[in-house]
Amino acid sequence: MTYTRVEYISVHISFLMLLLVTLSNPINLFYKVDRPDHFSKTSMTIAFPRTTGFTITRCLQTRHLPLGNLYESLMFLSWGFSMLYPISDVGDRNRLSRAVPAPSAMPTHAFATSSLPQQMQHSTSVVPALQSHRLMMHVSATSISYATLLCGSLLAIGLLTLFYSGIGSFSVVNLEHNFQKRISISPPNPCNNIRIQANVRSYSYLLLSNSRKCQLINCLDKWAYQTISLGFSLSTIGILSGAVWANEARGSYWSWDPKETWALVTRLIYATYLHAKIDEKQMGEGPAMAASMGFFSVWIRFLGVNLLGVGLHNYGWLV
């Protein structure tokens, strides 16, 4: 009973804090105001230990890592998103990367606590198929890779939004050409100085808008690449440890289970993105589109297979 009360308090306090951070994110993203930014950091400082407290409490209660059913997996995913918030804050002066973890953790948290059956939210003994010492390495690495890859894909979706927004779409060369052309063809009359000043102001404004957009694109591209690279490495650890575990349990490293198949699809999508970034040094719509496709692939791999209740990896959906 004590464990249940601690879990209940931790879960609902962390959800409230995540909701407040999500609501204050637009202010922190578009306006450099110290008070809302400090409020968001304080709220995440409260939310992350509360989610960690839930994980530790459930671990003490069940004597295993709390990843035995869909509810525990979603809460662990929310914990992974929350953990990325202080990590992404390091070296990010533009506050761009912090705009993703909290809004990702909040709906995950809400779905786990509000949409899943009540009996699933109670602690239960783990099914025999998961009673292995490899549970911690395989499932934890895979779950954290989900959170990391999803954050990277959301940054890539933001990058695509900028590419298609049309803001500041004029190039510097065209601006200079048009500016020089306007000055050179102006007839000599007393209004020339006024016209030139107007052209200079318009030219400076467009240059400033173009420069800000380029800086924003560079920052988003950098953070998306670094986040997806980390998630891809964690996913590799999860897949390799899962293959070893499958060989011990079933006698085969790969069974073409639906979740294994989607793991391969997800891996190929992000491998395409990383290949484009490493080999060709591209920073355009192609790599960002590949990373955006990975967002949907990860959710199908993580949640879609469980909701369908098919395959060898649907442990805990009806528990």
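Note that Cβ sites are derived from N, Cα and C of the backbone, with glycine treated the same way.
Note that TrEMBL annotation is computational and uncurated.
According to TrEMBL, the feature transmembrane segment maps to residues 298-318, out of the candidate ranges 256-276, 298-318.
Under 8 Å from some Cβ of the transmembrane segment (223-246) lie the Cβ atoms of residues 84, 88, 92, 96-97, 132, 134, 137-139, 141-142, 144-149, 151-153, 155-156, 159, 252-255, 263, 266-267, 270-271, 273-274, 277, 288, 291, 294, all in the same chain and six or more residues away from its ends.
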